[in-house]
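To keep things clear, I will list the structure first and then write my remarks on it.
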Amino acid sequence: MPNLVFVTGNANKLREVRQLLGGAALPYPLVNEPLDLDEVQAASLDAIALHKCRSAAARLPPGTPVFVEDTALCFDALGGLPGAYIKWYVQAMPLCDIASMLDAFPAKTARAVTTVAYCDAAGAFHTFSGTTTGRIVPPRGPTDFGWDAIFEPAGEDKTYAEMDKDKKNAISHRGKAFAAFREHLCSPSQRPPPPATA
């Protein structure tokens with residue numbers, strides 16, 4: 001039986017995805033592979049994720065189910081920027097500077113979006129998306145997981161970073177995308193065929 005490969009070298013992301021998928025009776029064992037994939041520059045998160053998934057599938061043995069995840073943080077006042085480029089912003093500048101990009105705007109609203117792109121064992125590609133609306137705030141809580149400390153979901157008084165993991169996973173963009181992915185993985189069409197009998 002093949003493994004279900006999650007392309008990531010990010011230990012925090014792997015831990016969170018294991019939590020999000022862990023309660024399901026997955027058809028394959030989950031492993032990670034830190035492949036270095038080219039990222040296409042595109043406005044569409046689906047296009048970026050599908051490009052990465054196709055690249056990953058081409059580098060793995062045929063029939064290996066593989067998925068990638070891509071996330072965007074879209075500031076409404078900036079027309080959706082930084083969007084899919086948020087991870088480069090996080091690497092290049094402190095979170096307080098990212099939050100201050102909205103200082104000149106009255107609206108601090110934003111959307112957090114995740115797309116999971118999956119290539120199943122038959123070679124078919126699928127995407128699953130989740131969105132959470134909220135607002136950008138000065139950093140609050142631990143700053144060791146991306147931009148969680150500056151995103152406060154709508155209707156909440158805590159940033160993702162201040163929430164316990166179960167609460168965050170229940171309402172987050174990533175949680176929503178992986179709930180749809182988990183449902184697909186557990187569908188009868190995704191079950192591996194039984195071993196051939198002699």
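Note that Cβ sites are derived from N, Cα and C of the backbone, with glycine treated the same way.
Here Swiss-Prot flags 8-13, Lys52, 70-71, Lys87, 145-148, Lys168, 173-174 as ITP binding site, drawing on sequence analysis. Annotation source Swiss-Prot lists Mg(2+) binding site at Glu39, citing sequence analysis.
For the pair formed by Lys52 (ITP binding site) and Glu39 (Mg(2+) binding site), distance between Cα atoms is given as 6 Å, rounded to the nearest Å. Counting only the Cα atoms, the space from Thr8 (ITP binding site) to Glu39 (Mg(2+) binding site) is about 13 angstrom.
Listed in sequence order, Leu73, Ile86, Val90, Leu95, Ile98 are the same-chain residues six or more apart from Trp147 (ITP binding site) with CB atoms under 8 A from its CB.
Close to Lys87 (ITP binding site) in the fold, though at least 6 residues off in sequence, lie Thr71, Gly146, each with a CB less than 8 Å from its CB. Within the same chain, the residues at least 6 positions away from the residue listed as 'Mg(2+) binding site' whose Cβ sits under 8 Å from its Cβ are Ile48, His51, Lys52, listed in sequence order. All protein chains considered, the CB of His173 (ITP binding site) has 24 other CB atoms within 10 Å. The Cβ of Ala11 has fewer other Cβ atoms within 10 Å than any other of the binding-site residues Thr8, Ala11, Lys52.
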